[in-house]
Each structure stands twice: as structure tokens, then as C-alpha cells.
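Have a look at the structure below, then the notes.
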Amino acid sequence: MQQTYQYGWIIPFIPLPIPILIGVGLLLFPTATKNLRRMWSFQSVLLLTIVMIFSINLSIQQINSNSIYQYVWSWIINNDFSLEFGYLIDPLTSIMSILITTVGIMVLIYSDNYMAHDQAYLRFFAYMGFFSTSMLGLVTSSNLIQIYIFWELVGMCSYLLIGFWFTRPLAANACQKAFVTNRIGDFGLLLGILGFYWITGSFEFRDLFEIFNNLIYDNEVNSLFVTLCAGLVFAGAVAKSAQFPLHVWLPDAMEGPTPISALIHAATMVAAGIFLVARLIPLFIVIPYIMNFISLIGIITVLLGATLALAQKDIKRGLAFSTMSQLGYMMLALGMGSYRSALFHLITHAYSKALLFLGSGSVIHSMETIVGYSPYKSQNMVLMGGLTKHIPITKNTFLLGTLSLCGIPPLACFWSKDEILNDSWLYSTIFAIIAWATAGLTAFYIFRIYLLTFEGHLSVHFQNYIGKEKVFFYSISLWGRGASKKINNNFSLSTMNNIESSSFLKKKTYPIAENVRNVTRPFITITHFENKKFYSYPYEPDNTMLFPLLILGLFTLFVGSIGIPFNQEGVDLBILSKWLTPSINLLHQKLSNSMDWYEFWKDTVSSVSIAYLGIFIASLLYKPPYSSLQNFDLINSILKRGPKRILWDKIINGVYNWSYNRAYIDSFYTRSFTGGIRGLAKLTHFFDRRIVDGITNGVGVINFFIGEAIKYIGGGRISSYLFFYLTYVSIFLLVFFII
């Protein structure tokens, strides 16, 4: 067993040869490398599969022996300081390694077909390989220095992948926004790391935890300074995991290719912040203020992410805000001290969300056959609907991920979310009520996405998108499907410049050639499709895109079973508890692992009821128009025109504007921080040009005129010398006698 652990250092470096070889090949043998480009995807999958097998082997050994292995190389600089590098193999490392590799393999297989017609195919797989290396290096790090190095590499890779289509202005702005926002958190992380080193004198986790706990126990450290350092470290996790208030980069990150969105949202970048807090939980756990602060940020993010997802029309942005809310659940669990439930939800959510994002990519891929390459149209749920009969496999797998995220048993997310909700009642009643209500909102908005995408008729034809009849306006409100209607030109539903809505109001025709579909985008030109037919309706993608959906669907069905505590009658099947032994769980330190089935069913009824309520309301409002007229009659009979109806409409519009405008947080940041920095830059520019340059230029001009005067005086004429001499003497005497 120990021989297996000794080779743990190789885990991050196995995927690394692919980006190196691609770079060298493009530099030295560009033609041959491009001709063999499909070979690189196979090698990427093969190497990541090797890492997955190795990680599974380590996990099995840990489950059986509850062992932790750490290896350190010391580089002694002097007697007072030594720089150490190594790797740490513990339950958290093995969980994250399996998560990264399994989701990564599915994304790579999916991307082989999804990116097949992209000219930057090789660059994509080079970035993906480096991304996997960076994340695997992060989770195997044994000290804070290595954590920070790989933390920055993960941020750099996310910057490259979000801005993959960098010649598109939106993608370029999105990657810059993600980079700058994460730099704020990373600066706090660096300061926090240096602060903890100043306190303990060590970067190694084991020494750091032991020394710090002893200092806290003996009351030999300033509590305010310790809290500040812990808060700065937590700021790094807040930015990376898109927690309030540094969440603003996440929806814009959808400008990258859809497989990148799946990888970032499931197992890599956003999971890094959760991993950091979980790794440093022995530090945070002895600082009550920080634990309370973590849970507070978590519950705010839970509610904010859910409300912002309510009115999104872009399918990927809706899923992005869903990720933000679910990460808030994980952060809430860590703040409550429920270490096990946080990691459990990290696992279940990763597979469910990867399934949903890859499913959305399949939907987008199929919609492009009708509307052409345009993210405003192919990702717009207003133009979708009725896709069930066109892409049934995608529909069924997407429904599986939808129900899992809603919290419907026995799917994966039900078990983990239910555990977090149960623990929240033991921690804070207010937090528990918010978390429970948000579970209903989650079911509402995620099922809304499903209904708008797959149920009813294909709206791109229904609203005469390529037809002849003029449509005045097509709205998709918060509480129902779109309907054509005339509107007042002075009416403004939201304060944002709604580019998305205007993009599909114009009556245009988007023909598709019979043999060739030319789709041109900046830097990327797609000139050939294998399907040489005219498509007026979407179609199911190739098998290489469907296979990952089916595998992730199986994970969504069965991965929740690893955390179910079936351990009665001497049979212990709670794999996750064995895996995490000894785990940290403040709420259940004195409880046995056996399940109280009465409590389980009581809590299950509560959580499942709110989920079904959200699904029912979404079905009531977003069912196909032809089958929901009676529902609208029922709603109209309940909410008749009058003062109450007017008040209700104002509330609905307020909620819609709040959601669609992202709670006005982006606008606030733009006006306050961005505007303030630009104002300061203008002031600095004015001071530099007018004051600093003015003084410098003024001295030069004065010297010029003085030189000209001296040159005129020194012309060699004695009469001029006498004249100026007598003039200066007269002025001097006059001033002298007056004073």
C-alpha cells in the first residue's frame, strides 16, 4: 500500500505532457500536428483515465485503512527558514481527484465532437490539459505555498478558457472581469497566508494546525489579528467560488465554450474555493467569528443566486446562477461545521451540474442548425421549446439532472441537500428557513428552464422567427411563457440595455445551405458540417456527445448512495463516512452514525414537499400555452383586476427587475468602483499633465526666454553692456533707498 502512496506525486503531472507536446508540435511541425489533431483528444482522455484509476485505487485503500500519507522534500536555505515541497494524500485529496478526473474525462470526450469544427481545437485541448494539471496540483498540495502557486495557475487557465474566443468583445471582457475579480480575492489570500506564517512560522498544514491550535488554546495570539488573517484567506475562496459579493464574474464566464462551463462549474475552478475552506477547516474551526461569517456569506449566496436565476433567458446563465446558489449551500454547511454534508453536496452537485451543462451544450448545438451561430439566439430559451421529440436522449438526461437539482429522491442531490437542510435546523432557525425556502426556489427556476427548453412547441417557428407575420413583441415573463402582444413604447420592463431581447425581435431569415453551412465568427470560421442535409428542426448530436450525457446520468442516479447511512443490523454501507474518517462535524460529534428513520422521513417530507411545490408552480406557469389556458383562467379568477392585482403586478415586476438586472450589483460596482477608479485616473492624468508636466515645461520655457535675453545682451556691443549695467544699478539704488 505504501508503495502506491509513494507515487502520489505523479498525479498532477500525468496530464501535463499533452499541452507541452501540442505547443512544441505547433511550433516545430505545425502542419503535421494539425493533421493529427484528433489524436491529441484520445491521448488527453487516456492520460486522465490513468489518473482516475490511480485515484480510485488510493481511495479504496483509504476507505479500508483510514490512512493519511504525506511526503515532503525540504530545501534548507538557512537555520531559520526552509522551503518545503511535497504532496498530501488524504480523503479530501482522493475525493477531489476522482471528481476532477471523472468529470474531466466526460468533458474531454464531449469536446472532441463539440469543438471538432473549431480552428482552435488544439489550443482548446492544450488549455484543458493544463487546467487539469493545475487543479490536481492544487488538491495534492501539502502546504500553503503550493496551494497558492496552483491556485494562481487555476485562475490563469480559467482566464484563458473563458476568453477562448478572445476576438469576441464579450468573451474578452468576460475573461478580464473574471481575472480582475479573482485578483481581489487572491490578494487577500496571499496576505492571509503571510499572516499565518508570521503567527506560526510554518506553511505545512500539519505543523500549521498544531501550532495554531496550541497558540489559541494558550491564548498567546491576538484574536483580532487572527480573525483578520482568516478573513483574508476566506476572501480567496469567496472570489474563486463566486460567493457574494465577488460573484459577478460567474454569469459572464458563460462566454466560453459550453464544455468549459461544465468543467468550471462542476469540478475545477468554483470547487477550488470550497476545497480551500475544507482544507483549512482546522484553522477556521477554532475562530467562531469566522465560522459564523462563512455561514452568513453562504446563506446570502444561497438566496441571492436563486433569486437571480428566476428571470434569466439565457440557458447557460440560468445554470450559472444555479451553481452560485448551490455553492452557497456548501459554504453554509462548512460554516456550520458540517464537513461531511458539504463534501457530499460537492460530489452530487458536480455530476448533476456537469450533466445539465453538457445537456445545454447539446441543446445549443442543435439550435444552431436553425438560427445559425449566435449565442443570443442559440442560447435563448425564448426561442426554444418543443425539443422533446427532436432530441429525446438529451431531454431525458437533462430531466434527470433537473430533478436531481430539485431534490427529488432518490437522485443524487436529494441526499446531500437534505442533509444540509437538516443540519441547518440545528444551527440557526433563520438560516434553516431561508435554506428551506430557497430549495423551493431552486425547484422552481430549474424546472422553469426545463419546461421552456423542452416542452410545448418550438418557439422559433411559433413566433414567426423565420415566418412572414409581423410580431410586435414577444415577452418571457417571470411567471409564464411568452405571448405576443402590443406594448407601450414608453414602458420599460428593466433598466438594463436589453441587447438580448432586441436580438430576436427583428424579422430576419436565416437560411442554411443544403451542402455547406458557413458560420463565421471572429478568428473562428466553420466551413463544413458532416450533415449534408437541410435542417429546419433541431437534431440529436453525435454519439460522442451523447455518451458523456448517459454516463453522467448514471452518476446522477447512483452517486448519492455513497452517503446514505445504511448501517443497521451490523451492516455498515455508509461509504462516505468511512472515507472521511476521522471527519470534522461539529454538529454530530457525539452522535452515532446510525440513522433515525423517523427523523429521516419527517425531514424528507418537508424538503421534498417544498421541492414539489416549486415544480408545481413552474408547471402551472410555464406549461405549453395550449394545455395551460385553464390554469391562466384560474389565476385570473384568483387575482382579479383591482387594487390587489395592481399591487401584485408591481411586486412581480419588482422581482423580475431585481432578477434580470442581477440585483443591480453589477450596476453598483460599475458606478462606484469602476467609475471611482476612472475618476481617480482622470484626476491623476490631469495632475500629471497640468501640474507635473506644467512645472517641467514651465522651467524649460523660462530658461528659453532667459537664454534668449542673455543671448541678446551678450551681442558684443559695449553700448548695450553700459546701458543694461546702468539700468540695473539705477533699479537697485531706487529699491535700496525706498526700502
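Cβ atoms are placed via backbone N, Cα and C, with glycine included.
So that you can see what the record holds, here are the features copied from Swiss-Prot:
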type     : residues : note
TRANSMEM : 9-29     : transmembrane segment
TRANSMEM : 40-60    : transmembrane segment
TRANSMEM : 125-145  : transmembrane segment
TRANSMEM : 147-167  : transmembrane segment
TRANSMEM : 184-204  : transmembrane segment
TRANSMEM : 224-244  : transmembrane segment
TRANSMEM : 289-311  : transmembrane segment
TRANSMEM : 396-416  : transmembrane segment
TRANSMEM : 427-447  : transmembrane segment
TRANSMEM : 546-566  : transmembrane segment
TRANSMEM : 605-625  : transmembrane segment
TRANSMEM : 718-738  : transmembrane segment
Below 8 Å between Cβ atoms, which of the listed ranges 184-204, 224-244, 427-447, 605-625, 718-738 makes the most pairs with the transmembrane segment (289-311)? 427-447
Among 147-167, 184-204, 396-416, 427-447, 605-625, stretch most in contact with the transmembrane segment (546-566) (C-beta, under 8 angstroms): 396-416
For the transmembrane segment (184-204), distant same-chain residues with Cβ under 8 A (at least six beyond the ends): 72, 84, 142-145, 147-148, 151-152, 155, 211-212, 215, 221, 225-226, 228-240, 246, 283
